[in-house]
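Positions annotated as Mg(2+) binding site by TrEMBL: 124, 168, 170, 171.
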């Protein structure tokens, strides 16, 4: 598998004659190699190793934001389950902030900063401490999004300096404190040269048909929406 990873990540074509020679010393048949290649290509490691390298910046940010928003949603549910929302007033009684707002933003910003250190990130809750627990840091991408969507030509050459990520970690804080949970969302938006080009919406308390909680919808200009 390690050998497969080296060849596939390098972008080399699978050459049966070459691999046959390589496996002679181990006594492994060619069929074993080809099965290993097939297994690795379908793994999350292969998606991470290839799609993130090949995909344009905007696509990688959306694919990462899908996973990050899901993690932030779990944090929001966890805070509610503990029962202590840690409510404070920001600019008045109708402008509230909870521990869920603060923690979700820290998770999102810390993860995005680690993955895209040269991209400007602006959070609804202002500057935040990005020293977060290890399990709050999200480094994986949504392979289904990358594999199923081609980047529009207009977004292929976007540079980091042209891009801003906008974060509202918990839209609907007042509703969150009052128990109207279906109105709560996590929002991550992407703009290029001051124009919106994509984003992710996560509903932490959406009840799926399978009984699990949470739904994420993404949108990219030139592709459409999905999730």
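Including glycine, each Cβ sits where the backbone N, Cα and C put it.
DSSP gives residue 170 (Mg(2+) binding site) a strand state. DSSP assigns residue 124 (Mg(2+) binding site) to coil in the three-state reduction, outside any helix or strand. The Cβ neighbour count for residue 168 (Mg(2+) binding site), using a 10 Å radius over every protein chain in view, is 21. Other residues of the chain with a Cβ within 8 Å of the Cβ centroid of 124, 168, 170, 171, the Mg(2+) site, are 101, 105, 125, 167, 169, 172, 173, 185, 186, 187. Long-range Cβ contacts of residue 170 (Mg(2+) binding site) within its own chain (separation 6+, distance under 8 Å): 76, 98, 100, 101, 104, 176, 184, 185, 186.
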